[in-house]
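*Asks:* Quick one: the structure is below, questions incoming.
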Amino acid sequence: MGKNKLLHPSLVLLLLVLLPTDASVSGKPQYMVLVPSLLHTEAAEKGCVLLSYLNETVTVSASLESVRGNRSLFTDLEAENDVLHCVAFAIPKSSSNEEVMFLTVQVKGPTQEFKKRTTVMVKNEDSLVFVQTDKSIYKPAQTVKFRVVSMDENFHPLNELIPLVYIQDPKGNRIAQWQSFQLEGGLKQFSFPLSSEPFQGSYKVVVQKKSGRRTEHPFTVEEFVLPKFEVQVTVPKIITILEEEMNVSVCGLYTYGKPVPGHVTVSICRKYSDASNCHGEDSQAFCEKFSGQLNSHGCFYQQVKTKVFQLKRKEYEMKLHTKAQIQEEGTVVELTGRQSSEITRTITKLSFVKADSHFRQGIPFFGQVRLVDGKGVPIPNKVIFIRGNEANYYSNATTDEHGLVQFSINTTNVMGTSLTVRVKYKDRSPCYGYQWVSEEHEEAHHTAYLVFSPSKSFVHLEPVSHELPCGQTQTVQAHYILNGGALQGLKKLSFYYLIMAKGGIVRTGTHGLLVKQEDMKGHFSISIPVKSDIAPVARLLIYAVLPTGDVIGDSAKYDVENCLANKVDLSFSPSQSLPALHAHLRVTAAPQSLCALRAVDQSVLLMKPDAELSASSVYNLLPEKDLTGFPGPLNDQGDEDCINRHNVYINGITYTPVSSTNEKDMYSFLEDMGLKAFTNSKIRKPKLCPQLQQYEMHGPEGLRVGFYESDVMGRGHARLVHAEEPPTETVRKYFPETWIWDLVVVNSSGVAEVGVTVPDTITEWKAGAFCLSEDAGLGISSTASLRAFQPFFVELTMPYSVIRGEVFTLKATVLNYLPKCIRVSVQLEASPAFLAVPVEKEQAPHCICANGRQTVSWAITPKSLGNVNFTVSAEALESQELCGTEVASVPEYGKKDTVIKPLLVEPEGLEKETTFNSLLCPSGGEVSEELSLKLPPNVVEESARASVSVLGDILGSAMQNTQNLLQMPYGCGEQNMVLFAPNIYVLDYLNETQQLTPEIKSKAIGYLNTGYQRQLNYKHYDGSYSTFGERYGRNQGNTWLTAFVLKTFAQARAYIFIDEAHITQALIWLSQRQKDNGCFRSSGSLLNNAIKGGVEDEVTLSAYITIALLEIPLTVTHPVVRNALFCLESAWKTAQEGDHGSHVYTKALLAYAFALAGNQDKRKEVLQSLHEEAVKKDNSVHWERPQKPKAPVGHFYEPQAPSAEVEMTSYALLAYLTAQPAPTSEDLTSATNIVKWITKQQNAQGGFSSTQDTVVALHALSKYGAATFTRTGKAAQVTIQSSGTFSNKFQVDNNNRLLLQQVSLPELPGEYSMKVTGEGCVYLQTSLKYNILPEKEEFPFALGVQTLPQTCDEPKAHTSFQISLSVSYTGSRSASNMAIVDVKMVSGFIPLKPTVKMLERSNHVSRTEVSNNHVLIYLDKVSNQTLSLFFTVLQDVPVRDLKPAIVKVYDYYETDEFAIAEYNAPCSKDLGNA
């Protein structure tokens, strides 16, 4: 049976009839069991059984065999004779995701037995998972909201356990993750805040399923401004080389649907082909440019001659690129739209719309062709020529109004195994030459192959060319020819049909046909209701079993609309609304559906269109949309004997067998369906025995199998294939990008009404919903729109900030989109905070007609400081006066619009801040402290303000300000850590003292997440970190910063997700920098010179890294730690033996390192040495550097201690507190004295002067707070009293010890006393702020500022000028640490960002930032060599009587070292008149 299975590929078989005489026994029992070749575990699978011509009862059984054992699918199934019976079965989950198994089917009866075994593919059923984000694009610091949804293959919700979801940034870093969560109702919602400085680019949400398979969903993070309007460019999609003109239209539409007034510039270009090697003038693009004004509809139209593009010329792209730029009238806003047109040489094209893939001799071959032009437009009334040589068919026909021609070919006389039909309209035109493109008239041809049937009986399904629409019934015609001799006395022949979809059998049916004992020909119809169960591709199989044992059949494929059973509808009521009104969102779906809603501003979709959730995108999740063919391992070679190559004589007719691989038999129809057949019926055409000796030159013996597999693979390889009264006035201030992101459950009637408040944005909101139901599955709504609109509204234009006394112009622009003219009064509400003078003398109401706008202006002189609100109202008035030729109308609703916008008014001069801190512990008695608040003589009037804060916890102030600990920028990798690390110490402290609340925890974890993201910006490919990261050209990792990040990331793991790869990579990088003596080599620059101690650099750095490793924590036996401790012990021994000792900073680090390592002896030795060098003053202890810089002269108050001294004192404090097993009472006494000094150095936010001192000091204070924490039942009373009339009392107890209690101090200057009674300790902090006018004094920096031009003579000086800076260091050191140049903008001007960014090309500029009205320039250091810096500023809003702006340069780590200078705009006195 197994011999002669290979046919040689060069053989061609034409078999007219092949019917072995011993197979024609009348009424022989026939069995057929059909099972899909691909089965899924844990899914409802189905197999179908047909028993024919049986006179006894039989049972059918099926079992699966694998290497892990056998499993029965069904046993002893009794099936009726001549009834197609389908049985459902399920396969348990396998340990292998995909496996080939043996399927055995056995039919058994008293006299009959049939058994067959074949292979099937078994795959584990996997859920369908998708992710939906609220938007496709986000700005830095926005929150990403997303949903994870899981369904089965029928789109019903699955409440599965998802092992892992994470977010990955553009560099592949995993920045957030969620583990092991259960879906509810088939979904779960998440949110994640982006940092203020994330990597920009493509991110993705990754869902990892239990199967290990992953689903990914991309989104983009960019800095962007939402477009106000859309530029719509309309050009022909296709133009032919014969066209002489093309029409172009450009329209500008605001997101609220109104036309844009403005000017348009259009360019159309045909570019030179990239593939050509020609350059120079000949390779220039052919372009046409034109411009014009947009009309009243916001559109511009132009007819363009195509001659300029030389459409017939080669070497140029066969495409025209159209670019249109619209500049909005009255603003500098310019947006661009693009479209392209394909150039085609095809003038006409013929294509088969409907044609059979195979033909049956005697049944007409049906076909339909369409004639279209080069643009795809049907051409009617044209004669086309049809030819079918094998059938001697030659015809012509005229196309109908749709360009269609239908034809049928009589196949009775076709003697070959193929039929080729060729269709032609015109012959190809003569060639123009090698430089020119010739026109083309495309012909069409189609080849159909013979269907094999030994009985000469056939059934044929008529093709359907269109997609089957949901909710309708499709009728399919079945044509048949029956050979009377093959019926053998049969009176009724049953045709059985089944439909497969999504890889499984979904429907079956039977059609009975009364037959006569003669040849029969006819047709009947099959009705198919189109529902979601047969989408997206339905395959229909029809077959009949003849008494001879022959099976006749056909299969057809139908594309089905992507139907979803859950019909979801979404609508807004009303569909247009004024801002801030209530509206209703109505959702209808299957009862009890869980519906996920989303509504976003259309501007977001214009910025980056969404990959919208749709029925099509959901169907694309299916692993098998259409099962066809068999995967390679499942190919059945058949077990029939081959026949020899000689003539066969049957019934007086001679047949010559010839091999043909394209000839169709019943087996191939089943294969098309992806069905395995277990049968004793004849379903295969006979195989011809090979004659290899005659064909050796044609190829290897096994080529037949190879061809078969590739053919199957090519065909699919199991292919995946009630409304309120609106107000008369609106006040607008809420402008979100995502408006609605909610989950709702519809009621038992299938309806949910959601009340919403329309945001203040004047735009169109686009909403969508998807719903999940246990019964009906998934449904997706079409987009619903709500237009938030006002008949008219007012917009304000003002600068970000001004200085008190400056005059600026406040502009209010009123826009009217009513169909009629209105008379509008525009009023600015008076306020004592400013003086307003109308620019126009006449303040009478303004007449604004349809689609018009009017601007009203005031000259404003601010009088008060701080945020000053400007309230402008525009009201439509009732009036009988004419507006033009008509009486002004008044809108029924929204006749008054009010906009409130704040403006920051700043005092003149330079702001100074002084903080006074006290830790008062009454211990049952009373303690008091006097406070004298004085002001310097050069203080700016009214600029002084002071407040006192009362907290019951030493870390209270820092807890309130964890993201604002320093009043300085956070633009580098080290500075970012001050936003990150303190949150860990706060959480540890509150956890240990049992004070952690969910609110504080949530807030701190949020900060940790954003800090983590931001820090990854500074990571290098090798796992190290540097101050500005690789993107700022710093190619070398920084040893010190890498150790800092490593220990902090390791400590943060207790609270947030940190990718272990970051920790491992950093640790490896650091270990590679360890020398043989255990010390570490320095890599990268240290921006703080204070920790550079000459020869001790290596010891200091090694001590710092050892501390970091022990804080991870690594054990002292870890090889890297063990060697590092050897380095430190050796260094301490050398220092003890030497004359000069060790730097105080290094000693403090050594003391803490030995404490962490548990080396108490060494800890005591170093602390004793430190104690001898300590500065003891006012019951406090601290340490100073030996070469401490002199404090600047002329300070009104004593400045904060330098960063390095706070840092080394904090390390000493940590060493006292890290005694093992616990600090002694002597340690705590020493620690308390240190804490008194450290707390005195805190700034108003709870931080210190710079980055490292803040991080280390807060770490030390948190350890001290935890070591000394006591929970007392008694309260402390705090009284703050002035020498005048002011008095205020606070109470601090266990319930409010973390509460920041604050009061302003009204008397300045003034004398105050602060008294505390009761129990516990109270932390008091007084903050005094004032402005002073800069005076000439000696600074450690030389700072010069000039403007170019310097005078107002040049015409552009009113609107633009350059700021030129010169900076050098003149202090006591050779160079400064990292320095910041802070340039404040003069009022009404903004920096030109590209010119600021250009500064980063300088070797000395590490980074630049534009923050509100300041430009920040980071310098890695400043020496005595002068640095020159330039950038440009532009006028944003005219301001008169401009005050000078301040430029300040300061050392980031020695903040007392600074210099200030002033500059003014060249036209500072008359800018308001510009």
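Cβ coordinates come from backbone N, Cα and C, glycine included.
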*Asks:* Identify the disulfide partner of Cys563 as annotated in Swiss-Prot; candidates are Cys470, Cys642, Cys689.
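*Replies:* Disulfide partner per Swiss-Prot record: Cys470.
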*Asks:* According to Swiss-Prot, which residue among Asn396, Asn747 is annotated as N-linked glycosylation site?
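*Replies:* Going through Asn396, Asn747 one by one, Swiss-Prot annotates Asn396 as N-linked glycosylation site.
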*Asks:* Which one of 316-321, 532-537, 730-735 shows up in Swiss-Prot as region 'Inhibitory'?
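*Replies:* Checked against Swiss-Prot: region 'Inhibitory' maps to 730-735.
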*Asks:* Between Cys849, Cys883, which residue forms the disulfide that Swiss-Prot gives for Cys847?
*Replies:* Cys883
*Asks:* Out of 719-723, 784-788, 1099-1103, let me know the one Swiss-Prot marks region 'Inhibitory'.
*Replies:* 719-723
*Asks:* Check the Cα-Cα distances from Cys771 (disulfide bond) to the recorded positions Cys287, Cys849, Cys1321, Asn1424, Cys1467 and tell me which is shortest.
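*Replies:* The answer is Cys849.
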*Asks:* Could you measure between Cys287 (disulfide bond) and Cys299 (disulfide bond) for me? Cα positions, answer in whole angstrom.
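*Replies:* Taking the Cα atoms only, Cys287 (disulfide bond) lies 22 Å from Cys299 (disulfide bond).
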*Asks:* Other than its own, how many Cβ atoms are within 10 Å of the Cβ belonging to Asn869 (N-linked glycosylation site)?
*Replies:* 12
*Asks:* Which one of these disulfide-bonded residues has the most other Cβ atoms within 10 Å of its own Cβ: Cys595, Cys847?
*Replies:* Cys595
*Asks:* CA-CA, which of the recorded positions Cys251, Asn410, Asn991, Cys1467 lies nearest Cys269 (disulfide bond)?
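*Replies:* Result for Cys269 (disulfide bond): the nearest of the recorded positions is Cys251.
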*Asks:* How big is the gap, in Å, between the Cα of Cys595 (disulfide bond) and that of Cys563 (disulfide bond), rounded to a whole number?
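*Replies:* Between the Cα atoms of Cys595 (disulfide bond) and Cys563 (disulfide bond), the distance comes to 18 Å.
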*Asks:* Whole-number answer please: how many Å between the C-alpha atoms of Cys470 (disulfide bond) and Asn410 (N-linked glycosylation site)?
*Replies:* 35
*Asks:* Per-residue pLDDT averaged over the region 'Bait region' (690-728) comes to what?
*Replies:* 37
